[in-house]
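A.B. asks: Let me give you the structure first, and then I'll get to my questions.
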Amino acid sequence: MSLGEFLQRATSPWMREGGPQDDIVLTSRVRIARNLEGVPFPQLETDSHANQVIERVATALNSPAMRKLGDFELVRCSNLTPLDRAVLVEKHLISRDLAEEARHGAVALRQDEVISIMVNEEDHLRIQCILPGMRVDEAWRLANTVDDALESELTWAFHERLGYLTACPTNVGTGIRASVMMHLPGLVISGQINRLLSAVSQVGLTVRGLYGEGSEAAGNLFQVSNQVTLGESEQEIIQNLTGVVLQLIDHERAARKALLQANREALEDRVCRSFGILAYARRMDSKETLQRLSDVRLGIDLGIIKGVSSRILQELLVMTQPAFLQKYFGQELSPEERDVRRAALIRERLRLDDMEVRG
Amino acid sequence: MLCQRCQQRPATVHFTQVIGGDKTEYHLCDQCAQEKGDLLSKAAQAFSFNSWNPFQFNQLLSGLLNMESSPGFSSPPLTQLRCDHCGLPYSQFTKTGRFGCPHCYDSFEARLEPMLRRIQSNTTHTGKVPLRAGGQVKVKKELQRLRRELQQAVSLEQFEHAARLRDEIRRLEQQLEE
């Protein structure tokens, strides 16, 4: 299979398609936590409870309300190879916890991979919607529709005062976590990022790296999400997040403009060096890959590099992850082998686009 | 100012945590701060972003829960408190930050309030209400109202009215069971 075909088949829409403000916002994601009434949370579930939850979800997926929303495939994690589970993690469709630790984990995926429903993770259900670009409001509306449709068959654990009950009290109430993945190289290069992120934390939001809790902020990628889930309505949470993200976008655009004005040559040199390395290097580790991809993407956004798809950042940041690489090359690879193959894959991907570097 | 925790040495480490506009201030002495160093450094990372070390919210959460029960913070010592439904000991919750079942929220209600005030912006849900349970919530509230009215009607010897109320209560109870 050619790389082009593999890309079409193996990538999710959020990696291939664009959306509003997609020069800065890569994806918008909303997940809502729900639990079934009268069943212990997954932490204390017995085997029979866990199976019961999966069966009830399977029934709910077959309800008329859910069928209207598309075709879902429900798979138990135990029926997936560790490599396939890792690929789903790298595509942000399931969490690392579900892939590695959940004894009775399952996932329901809609064919287009916009909607995924994790079963028996920390909570019985985690409904997730992921869309490219700044569409967090749309992602919430979609997740809300899925929630309503599932509720036609399932009864949620709900408390009159505390709202939706979740295994961890940090999710209780709305159970919502809305997050926006942003590419902020301008703010990082100009040294403004720490000041801005600490301001963000003052208004009830948190910032994390590419792969969620505990991951590094490699490649100048940041996930901004709400921290508080109780006491504010879903709309208020989405509005608050949107307001802050739009401000961050303005700051990022201003920072990029200022960098170009203050030292165009230095910026062009940085961007083109990274492009040269990606186009010719024979060994690339993940960390350097992300950094170079971030530079190249900035170069594309600023018109320094032409003829290369701006999708290249989100495509390659997933494609060059360990599990995806092994999936593409169809074999197990040691970290050293991965570095060699990663470099080869990047070179090949760059050749897919008609390369033309201005200068 | 004396250390909030030991109440003996002067407080030298001052830390303000802000969540959803609610400020919680910590004033600790060097020694207590050292002992709580893990918590403080985690919290500092989370709220200052000066470094990009992993931030595990659970650890911060369980740090706060343990802090609540440490000397100097006027909570009673942890007893053998357990959820009367799933049996989860409260002490396990403070370690993992995870409840065992939906009933844990009622079993640990008294301890939950101050914690929710710290980690959430408020302690009352104002968002979406499920269609199904939401309907039940309404019916339950209506039932409470009708039962009060029934008692009143009986005490006033308004038996015809009471009979109507009784029928209405039966109807709603049946509706709940369905």
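Cβ atoms are placed via backbone N, Cα and C, with glycine included.
Nobody curates TrEMBL annotations by hand; they come from automatic prediction.
Copying in the features that TrEMBL gives for the protein in this structure:
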- A:24-255: domain 'Phosphagen kinase C-terminal' (DOMAIN)
- A:27-31, A:His92, A:Arg126, A:177-181, A:208-213: ATP binding site (BINDING)
A.B. asks: Near A:Val30 (ATP binding site), which residues of its chain come within a Cβ-Cβ distance under 8 Å, counting only those 6 or more away in sequence?
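C.D. replies: Those within reach of A:Val30 (ATP binding site), by Cβ under 8 Å and sequence separation of 6 or more, are A:Gln128, A:Cys129, A:Val136, A:Ala139, A:Trp140, A:Leu142, A:Ala143, A:Ile176, A:Arg177, A:Ala178, A:Ser179, A:Ile238.
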A.B. asks: Write out the long-range same-chain contacts of A:Thr27 (ATP binding site), meaning residues 6 or more apart in sequence whose Cβ is under 8 Å from its Cβ.
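C.D. replies: A:Trp14, A:His92, A:Ile130, A:Leu131, A:Pro132, A:Gly133, A:Val180, A:Met181, A:Gln314 - these are the non-local Cβ neighbours of A:Thr27 (ATP binding site), listed in sequence order.
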A.B. asks: Over the domain 'Phosphagen kinase C-terminal' (A:24-255), what is the model's mean pLDDT?
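C.D. replies: A mean pLDDT of 92 is what the model gives the domain 'Phosphagen kinase C-terminal' (A:24-255).
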A.B. asks: For A:Arg126 (ATP binding site), which residues in the same chain are close in space, meaning a Cβ under 8 Å from its Cβ, but six or more apart along the sequence?
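C.D. replies: Long-range Cβ contacts: A:Arg31, A:Ile32, A:Ala33, A:Arg34, A:Ser95, A:Ile117, A:Met118.
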A.B. asks: Could you say which of the binding-site residues A:Ser179, A:Arg208 has its Cβ with the most other Cβ atoms inside 10 Å?
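C.D. replies: Comparing the binding-site residues A:Ser179, A:Arg208, the most crowded Cβ belongs to A:Ser179.
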